[in-house]
Structures are given as structure tokens and as C-alpha cells.
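Worksheet for the structure shown next.
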Amino acid sequence: MEKTKQRRSVLPITFESDMSLERPPKAKDGGNGGNETGKGKVWEYLALASIPLVLVLGNSMLIPVLPDMKRALGITQFQTSLTITLFSVTAGIFIPILGYLSDRFSRKAVIIPSLIVYGAAGILAGFGAVWESYPVIISARAIQGLGAAGTAPIAMALVGDMYKGGTESQALGLIEASNGGGKVLSPILGSLLALIVWYAAFFAFPAFCALSLIAVIFLIKEPKSKKKAPGLKKYLKDIGQILKQKGRWLITAFFAGSLALFILFGVLFYLSDILEKRPYNIDGVMKGLVLAIPLMGMVTTSYITGSVIKKNGLLMRWLMNIGLALATASLTLTIFFRENIYVFIGLLTLSSIGTGLLLPCLNTMITGSVSKQERGMITSLYSSLRFIGVAFGPPLFGWLMGINDRYVFIMVSALSLLTLGLVFFLIKPDKHLQDA
């Protein structure tokens with residue numbers, strides 16, 4: 001017995017076997033929310049996927065129109081980047097709070113009002129643009145950030161509640177693919193809407209939110225928790241205990257996810273800016289299509305990764321390290337080849353593929369590492385740090401662009417290499433993972 005204890009792995013996560021004979025999944029127990037097979041499960045997946053899709057549209061759809069916004073309002077590059085940053089910082093602050101509320105009450109009780117707030121704030125931002133009022137736009141974006149805090153981060157915890165084993169990793173892969181798919185569609189949609197007027201994207205948010213809201217209300221059957229939610233004091237104590245026991249790899253996973261999105265949004269901001277300048281002069285829908293190329297690599301890879309990893313901890317470790325190595329190598333090469341737009345976009349696509357290998361593995365490990373009672377907070381802390389990465393990508397890239405473009409890619413290459421080292425040495429999952 002003592003020998004068994006001594007051999008505990010660095011990352012003690014396990015998943016239920018899909019073919020468990022002792023504990024077959026039952027709809028009443030919330031094993032998958034009541035829709036195990038067929039069309040019901042497909043619609044359930046689509047409803048879940050709509051939540052991160054809406055979230056991503058709120059940020060990424062604005063990236064192609066930021067230069068137009070800058071010209072129309074007569075604001076600086078830094079003020080323009082705050083449109084993305086303030087949204088993400090606000091979301092990052094409120095995500096842990098809403099994560100606790102989702103553990104205390106229910107996931108849908110948080111997601112539904114959050115979608116309403118998110119859509120309503122989009123209308124306010126649109127009117128701020130009509131009035132050419134930068135303060136109104138920024139205030140509305142902060143409110144949107146509050147609404148965003150209760151969407152995709154809580155959806156990730158909801159997937160952990162509804163599914164087990166390989167089905168869970170597949171659903172989380174779909175969530176990440178939807179997140180990435182939103183990033184692919186966003187610049188194209190933003191560019192198309194800008195053909196009407198540059199701020200049309202703000203008024204499009206409520207329509208997308210309404211569709212997702214209807215899907216969540218009618219298509220998702222949230223499993224009821226059998227255990228009574230603990231009080232705040234005990235809840236925080238339990239979270240502290242989890243971080244004490246598993247913080248070594250959890251914090252590394254949080255950092256890796258945050259850095260991946262920091263680089264992604266920073267690079268998109270950079271690319272959106274240089275494409276409009278000479279000698280490229282690429283604008284409108286064509287610019288949106290170019291921005292979508294690297295993202296398409298991430299989306300495809302995310303979905304495939306989520307479908308194949310299932311419970312295989314050894315495979316997850318290989319994919320995470322390969323993904324980070326690929327991202328590090330491609331970002332390092334951009335230091336020398338960024339002047340050639342074709343090679344540059346190709347390298348960014350390779351980096352995005354690396355991100356697509358990394359994120360589904362992190363999502364699966366993080367959601368499977370804690371019990372349902374603490375899952376909302378842990379996934380919210382993870383999502384909060386991802387938002388912080390998104391928040392600081394554009395302004396930091398913008399600042400470095402003002403000094404020297406080369407510094408941008410020296411910085412992200414070094415950070416990517418650091419993350420590869422941390423993940424390689426600190427995240428070592430079991431060969432076969434199990435639920436907490």
C-alpha cells in the first residue's frame with residue numbers, strides 16, 4: 001500500500017470509462033444532460049457551441065474595423081486597442097465571481113442573464129458609435145465584458161457536468177473549435193458588416209446573443225447537483241486546498257492557455273494593422289479572409305484534437321509539447337521572414353495549429369481535475385487568465401510596434417519557449433486519466 005502511495009503521479013486526473021458496466025450513464029444522474037444519442041445530442045452540442053461562438057464574435061468581429069474606428073473618432077492607437085482590452089479585463093475580473101455563483105446555484109442561471117446583458121450592451125455601444133462618443137463605447141464595452149464573463153467560461157464547466165470520458169473531451173474539443181471558428185468567421189463578418197457602416201458590428205451582437213439564448217433555454221438540460229453547495233467560506237477553503245494539492249500543474253496550465261490567446265490576439269491586431277498599409281493595401285472583406293487563414297488552422301486542429309485525445313494522458317502530453325514546440329519554432333522564424341507576407345502568414349498558421357493542439361488538452365485536464373462543486377470556480381480562474389491574455393495582447397503589441405516590429409516577435413518567441421519548458425517539466429499526466 002505504501003508503495004502505491006509513493007508512486008502517485010504529478011497529475012492525478014481520471015475519467016470514467018465510456019464502457020463502464022458498474023456505473024452506466026443515466027439521464028437522471030445528469031451523465032449527459034438527458035440527450036445521450038441521436039439528434040438530441042447534436043442539438044445539445046450546437047447549443048453549447050453557440051455560447052463560446054457569441055463570446056468570440058464580441059471581440060474578434062471588431063478587429064478588422066479598428067483602423068476605421070480610429071479614423072472616424074480621431075483617437076490614438078492605444079485608445080483603439082482599449083476597445084478590446086477593457087472588454088477583456090472586465091471579463092477577467094468578474095469571471096471568478098460568476099464561476100462561484102454558477103457553482104452555488106446553476107450554470108444556466110448565470111449563462112442566461114449574461115447573454116442578455118451582453119446583447120444589450122452591444123446596442124449601447126452601437127449608439128455610442130452613432131453619437132461618435134468614445135466614452136459611451138468604452139463604457140458599453142466594459143458592460144459587455146461583464147456579460148461575457150458568464151458565457152463561455154461557465155459553458156466549459158457545464159460540459160464537465162453533462163459528459164464523461166471520451167464524450168467530455170469531444171465536447172470540449174467542439175467548444176474550443178467553436179471558439180476558434182468564431183475567430184475565423186469574425187474578421188470576415190466584421191469586414192462585411194463594415195461595408196454598411198463601420199459600427200454595424202455593434203448592432204449585430206444582440207441578434208447572435210438572441211439565437212444563443214433561445215438555444216440555451218430550450219436545448220440544454222442541465223443535470224441537477226445531488227450535493228448541497230457549500231457556503232462561501234468553505235468553498236474558498238476547498239478551492240485553496242485544490243490549488244495547494246494541484247497548483248504546480250494547474251497554474252502552469254492556466255499560464256499556457258493565457259499565453260496562447262495573448263499571442264493569438266496580439267498577432268491578429270498586428271496583422272490587421274499592417275495589411276492596410278503599403279505595399280499590401282488589403283482592406284475590407286479581403287483583409288477579413290486573410291486574417292481568417294491562421295485561425296482556420298487552429299479551428300481544424302482543435303476539433304480533431306478534442307476528438308482523438310479522449311482519456312489518453314500520454315497522448316495529451318505529446319500533443320501539448322509538440323504544439324508548443326511548433327508555435328515556438330514558427331514564431332522564432334517570423335523574426336527573420338516577417339517582410340514576406342506569404343511566408344509570414346504561413347508561419348502564423350503553423351503557430352495557430354500548435355495552439356490548436358494545446359488548448360483542447362488543457363481544457364480536458366482542467367475540467368476533469370476537480371469535482372462538480374468546485375468546477376465552476378476552477379474553470380473560471382482558467383478562463384479569467386485567458387481573458388487577461390486577450391486583454392494585453394493588442395496594447396502590448398501596439399506599443400512594441402511603435403518601437404520596432406522585430407521586438408514583437410522576439411518577445412512572443414521567448415515567452416512561447418518559456419511556456420514549453422514549464423509544460424514539459426511540470427505537466428505530466430497519467431497514461432490513463434480519470435475523473436476527480
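Here the Cβ of each residue, glycine as well, is placed from N, Cα and C on the backbone.
No curator has checked TrEMBL annotations; they are predicted automatically.
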Using TrEMBL as the reference, determine which range in 343-362, 363-382 is annotated transmembrane segment.
343-362
Taking the transmembrane segment (343-362) as the first stretch and the transmembrane segment (383-401) as the second, find out whether 3 or more Cβ pairs fall under 8 Å, excluding pairs closer than 6 in sequence.
no
Residue list, the transmembrane segment (196-220) vs rest of chain: Cβ under 8 Å, 6 or more residues beyond ends.
33, 43-44, 46-48, 50-51, 53-54, 57-58, 61-62, 65, 68-69, 72, 108, 111-112, 115-116, 118-123, 125-126, 128-130, 140, 144, 158, 189-190
Mean predicted confidence [pLDDT] for the domain 'Major facilitator superfamily (MFS) profile' (44-431):
86
With a Cβ cut-off under 8 Å, give me the same-chain residues at least six positions beyond the ends of the transmembrane segment (45-66) that come close to it.
80-81, 83-84, 87-88, 111, 115, 118, 122, 144, 148, 151-152, 155, 158-159, 171, 174-179, 181-183, 185-187, 189-191, 193-194, 198-199, 201, 204-205, 208-209, 211-212, 215-216, 219-220, 265, 268-269, 272, 287-288, 291, 390
If we skip the immediate neighbours and take only residues 6+ beyond the ends of the transmembrane segment (110-131), which ones have a Cβ under 8 Å from one of its Cβ atoms?
51, 54, 58, 69, 72, 98, 101-102, 137, 139-141, 143-144, 146-151, 154-155, 158, 198-199, 202-206, 208-210, 212-213, 216-217
With a Cβ cut-off under 8 Å, give me the same-chain residues at least six positions beyond the ends of the transmembrane segment (318-337) that come close to it.
256, 260, 263, 305, 309, 343-344, 347-348, 350-351, 353-358, 361-362, 406, 409-410, 412-413, 416-417, 419-420, 423-424, 427
